[in-house]
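Sequence annotations record features per position, and here TrEMBL assigns transmembrane segment to B:12-31, B:61-84, B:96-114, B:141-158, B:187-213, B:225-249, B:255-274.
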Amino acid sequence: MKIAKTLGRAVAMATLSMSFATGSIAGEVNIGFTGPLSGGAALYGENTLSGLRMAADEINAEGGIDLNGEKTTINMVSLDDRYSPAQAATNAKRLKQESNVPAVFTPHSGGTFALQDFNEKDDFLVMSYTSVPAVTEKGNTLTLRIPPTFDGYVRMFTEYAQEHHGKKLGLAGATHEYAKIWASMIEKEWKNEGGTIVSDNPMDYNKSADFFTGVSRVIAADPDVMFVGGASDPTGLVVQQARQMGFDGSFILMDQAKLDEVALAAGGVEMLEGAIGVVPLSVYDTEAAKGFIERYQARYDKMPGSEAAYNYLALHALVEAMDATDSTDPKVIRAAIGDALKNMDSSKNPYGVTAVTENGGFMTEATLATVKDGEIVRITME
Amino acid sequence: MSLFLQQIMNGLTLGSIYGLVALGLTLVYGILHIPNFAHGALYMVGAFMSYFFMVDLGVHYWVAMAGSAVVVAVLAILCERLVFHPLRHSPPIHDKIAAIGILLFLEAVVQMFWGADFRRMSSPFTGIMNFDGLIIPEQRLLIVVSAFALVVALQLFLRKTMTGATIIAMAQNRDGAFLVGIDSNRVAMMTFAISGALAAVAATLYAPINLVYPAMGHLVIMKAFVIIILGGMGSVPGAIAGGMIIGFAEAFGGFYISTAYKDIIAFGLLVLILSWRPQGLFAKGAH
């Protein structure tokens, strides 16, 4: 009984001291993160966070930043939202109140929209990792969109696919909100360019245990090109099953899926012959990208995806902006982020982002990648 | 025609997996009246165990399956001994809460050890058979054949052995079983062990054509609950028939109508069947 009491006290003390520890202490800036850290999308959330943590540790290892003459380090505070917008909103409120964060990173569009309802009032920056165009079109003054929007991809992919592979498209995307917007945009663009949609049968990655039926339905309509996408690994399954059923056309991959990761899940790059998608980080041949990949692999022992790299550079840019302005005021940081991207050490910028649009989108070069003779190659479009 | 046969094949594959998972669930419910929400987590642990045996220890597929079945069976017995047995006199809601607790615990443990990554597990059966346009990957055929073999084996065990008879006796009449001197602890542990082993085998069969990740159990457990309600809580033939009904509804509905509606079709069937037979297709108890 006595032991139990002592234990109880110890636990109470530990919790108490922990709750002190989460509050912001002098010389430290908390940066918030809310994303899926458990459940089906946990991997995605963890990858995102891995890039952020790596950037924070690099900054701290160099002694932090100089904020009004005070050495300041960066502390990532992460909360799990299981991909739910409502939970993301609760988390952001908590991050603001408990840790007084100037910025909250979130890697999904639903969470971004939820945060945009109150971020201007509560005064924090939303660092959104989503390529849904509406995120920056709504005119929220404290939002930064980290990756490029996908409407550019829709045009490029359509043009390239129709020129090289044929005019008949089978839609085999996914059923989450993001995939639906993608599918409707590519459907419109594809028809505008004179193509036809022969089948529309999205896969439900959250509820389907098997995609064989859905894939066979799309293939029965005999398309030249199949639109697939969602997280890389289930997309790989769809690709593999399509090939097993004898589909020999090409694929258009929604930007959420990465060619190199899909190839891994599908059982080889040759499965993806002719496929079109965004350029995977592993194919970038710039010094900055190679250096980042090397450092990431040394730390995590796996190949980084774009979510790690983009969030990594975004946090570096954010901190650079704080350093340059001597401020943690979200409005000041937001105004300085463009210059920060331009002035920051290029080794911290694997994608070479150098500017930000007026409504808060990072600007990147428009490129696509395709698989030719079993190799992923990068193609620059006009 | 080959497209039609293709859907039959798809329905059989899905139905087999659903049926195997539902079987374990229905056995536990029929005998102990515990809705084991953690069953999906046992399925997931089964897949990870096979993955561990195959990839990290390098053993053969069948050995990995057997090893995984043993590990998960022991894990299921532990759940029964440490969690459900002490709760046997508590109100039923405690079992449910405990089951959800086990589910969250197992998922968190697996994620701690293996991370949230999606993993691919390969099996030695990667060939694809093509019968004049009807495409059957070997692994899918293996799933169907193994599922049928397991169901037959389970039936023989329940019908022809003394130990099996004690399980059926418990399901039919608890008090009667006690009166003739059946050890309820032994039956409870055995039932959990069988249910765990079935889940592990189902997961190992299915993993090579799917992904292995900590949340993989959610998909099948929801279907498995629908199936045992459809087939009759606690009924062995009900679990198999229910599994096939849902599997075929998904395959045919998904192909001929739309994959977007296949759940509506499956759940619509559930409503129809329940309004016709509220107790499920097969009467209660492992008859």
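Each Cβ is built from the backbone N, Cα and C atoms, and glycine gets one as well.
Unlike curated records, TrEMBL annotations are generated automatically.
Note: the stretches the transmembrane segment (B:141-158) and the transmembrane segment (B:96-114) are not in contact (fewer than 3 CB pairs below 8 A, sequence gap of 6 or more). Beyond the transmembrane segment (B:61-84), the same-chain residues lying 6 or more positions past its ends with a Cβ under 8 Å from any Cβ of the stretch are 32, 34, 38, 42, 45-47, 49-50, 53-54, 95, 98, 101-102, 123-125, 188-189, 192-197, 199-201, 203-205. Counting same-chain residues at least six beyond the ends of the transmembrane segment (B:12-31), those with a Cβ under 8 angstroms from any Cβ of the stretch are 39-40, 42-43, 140, 143-144, 146-148, 150-151, 154, 167, 170-171, 187-188, 191-192, 194-196, 198-199, 201-202, 205-206, 220-221, 223-225, 227-228, 231, 233-236, 238-240, 242-248, 250-251, 284-286.
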